[in-house]
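Student: Copied straight from TrEMBL:
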DOMAIN    50-163  domain 'DUF4220'
DOMAIN    174-311  domain 'DUF4220'
TRANSMEM  14-33  transmembrane segment
TRANSMEM  45-65  transmembrane segment
TRANSMEM  107-126  transmembrane segment
TRANSMEM  201-222  transmembrane segment
TRANSMEM  234-255  transmembrane segment
Amino acid sequence: MLGVEVAKNAWKQWGLQALAMLSFTLQVALLILTEFRRRIDSGVLRFFVWSAYMLADGTAIYVLGHLSVTSASPEHELMAFWAPFLLLHLGGQDNITAYAIEDNQLWLRHLQTLAVQVAAAAYILYESSIITSQSLLRLATVLMFGVGVLKYGERVWALKCADVQCGTSTIPGEDLYKVAEMQISLMHDVFYTKAEVTHSWYGLCIRIISSLGTVTVLLQFHLQGDRKDGYNRVDVAVTYVLLVGAIILEITSALRAMLSSWTFALLYQRAEERNVWHLLAFIVGSLRRLVHAADWWRYWSGSMGQHNLLQLCARSWASKSSKIARWMGLEDPWNTMIYSSSIPVPACIKQLVVEQVLKSEGTLESTPEHIHNSRGREALEKRGLYENLAWSIDIGLDESILVWHIATDLYLYWYKEKAKGDPELLAHAGVMKTVEALSNYMLFLLVSRPYMLPPPASRNAYVHVCHFLSFLEHGTPEDLANLLRRSGNELNTRSNTEANDITLTGISGDSSRYKKILDRGSQLGAKLVDDKLQDSGTAGILELITQVWVEMLCYVGYRCSAYSHAKQLSNGSELITVAALLMEHIRRQTPEP
């Protein structure tokens, strides 16, 4: 009980000071962590950013509420001076106004909170003796209060202005991918930061007023001299930290804004009007090159998620952690997290996506072969295989992804085994890695980003397929692939058997469309290995599979809703968003018929 009493007394004496410092610390954390959020898709990072984002407002509001009572006591008179700083904290950092896209729709709620908290801060100052004094501190308090209101209002205005308006122009094919990446960065800034307000004339005025005002307040407080001796020493120390911290945050935000691509683009656009703009553009451009801003301010994560069905099913069943998760009823989310990873987007995949998009120029959007409509049809028709393999793509998107993912794995495991005795096949190792990356990425979208797939696609089929695979006896992913390929061969040899009417041997239970996915995947994998298709060479089969996956990727990117694209911007974005932007450029560049 003694320890509890000590803790209670310590909280009564130093609780508000600690919370004021926590509020400042959370602002620093948001400033730093948010820079990584847009470039790294990490669940741990998202948790820390979300925690800081949620705690920041709550802490500042809590302290403001208690200051209305505590600051009236003579020994803590200086605490009233903290109220404007808490408004400053509620204004947030320039690089994060919204954690999720839905936050932008709540700007009216933030406006209401602004009115309430400004009124609370004004009441705190009204009740304090600082306002009635004739010292420099009164002027500093009023000035800081104005800065806090401006910064908080700037945040609400930024939330309201979170809308994107993009133009376009004819861009060479080799530059399209980089332009799309830059657009992703700009879209993130518009939806999740104060960029649209910061890089306007009133945003510039707020930046100048807040910076000069904060420095002036620090000087005025420091010039108080002996008058500060009457205040609590800890309160004075906390006040200095808040003042210096506010100045550092303002300087950091100003440097970020000055060196941003927004500022450089604005100055470059106006450089033709006056020489002074040309000089400023030259200075900013030189500073950006000096600090290599283009290198360390990456546009997006630049990565693609990976998830492999056979590896998960072969390894998770014997994994102790998966067994514990299974016992707790958390097997699916646990396996999704543990068996998912990411890799940098290879240059060859970037090139494939751009080439696929450029091929759509001049093709009518109403045709089945157009990039907006084809999920592998064009690749199959080009090789005269559509009639025989139409059942693998003319089905639900989620089923088609699973069928081709299973078939791709069956073919790749067979290819790797065959390459051990044939060195010539090793020459296509790069293409094989590309195929594997695309296949695993599309399954990753189905498993971890189902909201980015066009409806009615869902991950239900994936969950059921995982369940059915658990009934098969296997030790390694290779064993499972061989088992499925043998089953596919058996199904393909049956005469007059339709793909829709077969059931994988070894799986008990009533026939369902989920088990048919395994049948189709096994059949397709066996057909890809079949000698009849091998007449075009292994390189031709790898090219076929690659083309099918690239078509699916572009199809998903185009069909994904704008809301889902915007939602994922806060988590590093996705390759399909780049593809969607590329297709939008081409669509606008193509003249109307």
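Start at 1 and count along the chain as shown; that gives each residue its number.
Positions of Cβ are set from backbone N, Cα and C atoms, glycine also.
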Student: What residues in the same chain, six or more past the boundaries of the transmembrane segment (107-126), come closer than 8 Å to it by Cβ-Cβ distance?
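Tutor: Residues packing against the transmembrane segment (107-126) from afar: 57, 60-61, 64-65, 67-68, 71, 80, 83-84, 86-87, 90, 141, 145, 148-149, 152-153, 155-156, 159-160, 162.
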Student: Can you say which of 45-65, 201-222, 234-255 has the most Cβ pairs under 8 Å with the transmembrane segment (14-33)?
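Tutor: Out of the listed stretches, 45-65 contacts the transmembrane segment (14-33) most.
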Student: So which residues does the transmembrane segment (45-65) touch in its own chain, when a touch means Cβ under 8 Å and the partner is 6 or more beyond its ends?
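Tutor: Residues 16, 19-20, 22-23, 26-27, 29-30, 33-34, 36-37, 82-83, 86-87, 89-90, 92, 96, 99, 113, 117, 120-121, 124, 571 contact the transmembrane segment (45-65) from elsewhere in the chain.
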Student: Across the whole of the domain 'DUF4220' (174-311), what does the mean pLDDT come to? Round it, please.
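Tutor: Mean pLDDT across the domain 'DUF4220' (174-311) comes out at 75.
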Student: For a three-state summary based on DSSP, what are the helix, strand and coil counts in the domain 'DUF4220' (50-163)?
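Tutor: Tallied per class, the domain 'DUF4220' (50-163) gives 90 helix, 2 strand, 22 coil.
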